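Some features that TrEMBL has for this protein:
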| type | residues | note |
| --- | --- | --- |
| TRANSMEM | 12-30 | transmembrane segment |
| TRANSMEM | 51-72 | transmembrane segment |
| TRANSMEM | 84-107 | transmembrane segment |
| TRANSMEM | 128-147 | transmembrane segment |
| TRANSMEM | 159-178 | transmembrane segment |
| TRANSMEM | 237-258 | transmembrane segment |
| TRANSMEM | 279-304 | transmembrane segment |
| TRANSMEM | 357-383 | transmembrane segment |
| TRANSMEM | 414-433 | transmembrane segment |
| TRANSMEM | 439-461 | transmembrane segment |
| TRANSMEM | 468-488 | transmembrane segment |
| TRANSMEM | 508-528 | transmembrane segment |
Amino acid sequence: MYESGPQPLGWLDYVMFILLLVAATLTGLYHNFKKGGQKTTQQFLLADRSVLSLPVAMTLLVSFVSPITLLGTPAEIYHYGGQFMIFVFSALLLYPMMTLIFVPVFYGLKITTAYEYLHKRFGLSLRLLGAFVFTIQTVIYMSIVTYTPALAIEAVTGFAVWKIILLTGLVCTVYTALGGLKAVIYTDVIMFVVIIISMLLVIILGTIRAGGFGYVLEVNAEADRLNILSFPFDPTVRMTFFSVLIGGALNNLSIWAVSQTAVQRFLAAKDLRSAKISVWLNMPFSAILVLVCCLEGLIMYAFYYGDGTLSYATPDPVGVTGEMLSMRSPPNLTSKDQILVYFVSEQFGNIPGFQGLFIACIMAGALSTISSGLNALVSVILIDGVRPFRVWWARRKHSELTTSDRSDTILSKILSVVLGLLSLVLAFFAPYLGTLLKLTNSVFGAAGGPLVGVFLLGMIWKRANEKGTLIGALCGFAMGLWTSMGAIATKDVDPDERLGLYNLSFMWYSGFTLLITVLVSMVMSEIFRLACEADKNHVVNPYLLVPWIRGNLSKYQDVPIGDVVKYDENDRDQADEKLEA
């Protein structure tokens, strides 16, 4: 009789797993030495702005398709039902906004980091605030992503979590530090292929093992787990149609549109058209992958909670044992997010190499996300932190600014190593923070919402100024931190006995903080316009605005994109002359 429980790894499983790590390391070595290696920051941080649309699309997808997506989404569907499947349609809101608003502005400025835009549009204060928030946000996210595959792999292999964390972090740090963004991008292409093949096999074999696609839908429908059209307007309900559709899109806008991890990929494209195409390609890619992950959750629920009418009364459909399937009981796991790894190991562990391929898939998601985060963090620290500090220090000492791009490239590689080691240390604190999907949406919603608000105001509303927007952003961050941390601290308290704000669904964190940031920024910007002559009289360089509100650009073509230009509000002709000068 077929035995339940995780199956041990075979030699072919180890080969599959090791091949992925070797391929990633060799990619880093290849780009470290190719044509003399990474000699400039343009090469190391932006891949010489020469990458084609398809690789950019692949790296965009797998940079954010981490184990949190691969393990957290099926676990969400398995434990809570199919409500999260609405997230597939959030792409219809997310990607048009990216293409119409953010990509044209970022790419047209020829900048290196997203937060350089904030300096040009508002000033140094918002640039430093944006860079600081991104750094904290990304370091936390990387620690979660580093821990996730370790926990999952431990569930089926018995390897100690700390050993897997070290292996993941060190391999990722090595190839990122050696090969820069180009190594990250082309390693992501390999990861993309591994993830797609593995997830499709799980869907196909899992559906067969559960008893067929119709049976999967029948079991979930009878348990009322496919009632995805739930329209309550109560923001405290964990998931509803609108919270997943709108809240999910806003949560991901902070990840896909304004984070340095995404913007760095836009900027690496060879031209604006390639950058836009890469975004549009991601719409079907991401929708299909999320749908596949959701189907895995439905399949597992049907397998463990179905009555067995079809799946247990028929011979083993995979042909592994050639025997009748026995009744399955839901496993008792230490973490909800281990369920998919357990299911794959229990049901398909006897297929040579299958477990190794699946573990490689989870590792691929981790490696791509961590390496992308590392490279983006290095860019932000160097471009938005170190270089402005050098200028300030040189001015203070009344000395000449002396540095070289070669030394900055070496510094970038050192920073990659330091940040990689830091993410390893923080990974050991990840298990105390909650389930993966909820935690990720909480982190990016609370911290990302205000950043999205600042960028939107800068690109769309000409009257936004530095002081008002800074106050709005700080209010948004404060409310987001208060809400998310309060919810975590009181997670075991009865909802009726804690502050109502702590009951807000994590799917609305980004929308909540974005709304606060925009409203406060608009009000404060108008107050400063009335109270301060310098804020009252200014015009924004149109290249810092979205294309469809720029107006006539012919007379601004030679204007450097920098600080706002002061002018007399009653003399716009004089303002145009100043811009042209």
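In case you wondered, yes, glycine gets a Cβ from its N, Cα and C as well.
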Contact set, same chain, for the transmembrane segment (159-178): CB under 8 Å, 6 or more residues outside the stretch: 21, 24-25, 27-29, 31-32, 146-147, 149-151, 153, 184, 187, 363, 366-367, 370-371, 374-375, 413, 416-417, 420-421, 423-424, 427-428
Region pair the transmembrane segment (279-304) / the transmembrane segment (508-528), three or more CB pairs under 8 Å: no
Contact check, the transmembrane segment (12-30) vs the transmembrane segment (357-383), 3+ Cβ pairs under 8 Å, seq sep 6+: yes
Annotated stretches the transmembrane segment (237-258) and the transmembrane segment (508-528) touching (3 or more Cβ pairs under 8 Å): yes
Tertiary contacts of the transmembrane segment (414-433) (same chain, 6+ residues out, Cβ under 8 Å): 139-140, 142-144, 146-148, 150-151, 162, 165-166, 169-170, 172-173, 176-177, 335, 370, 373-375, 377-378, 381-382, 439, 488
Outside the transmembrane segment (128-147), six or more residues from its ends: residues with CB under 8 Å to it: 66-68, 113-115, 118, 161, 165, 168-169, 259-261, 365-366, 369-370, 373-374, 376-377, 380-381, 384-385, 388, 419, 422-424, 426-431, 433, 436, 439-440, 443-444, 447-448, 450-451, 454, 470, 473-474, 477
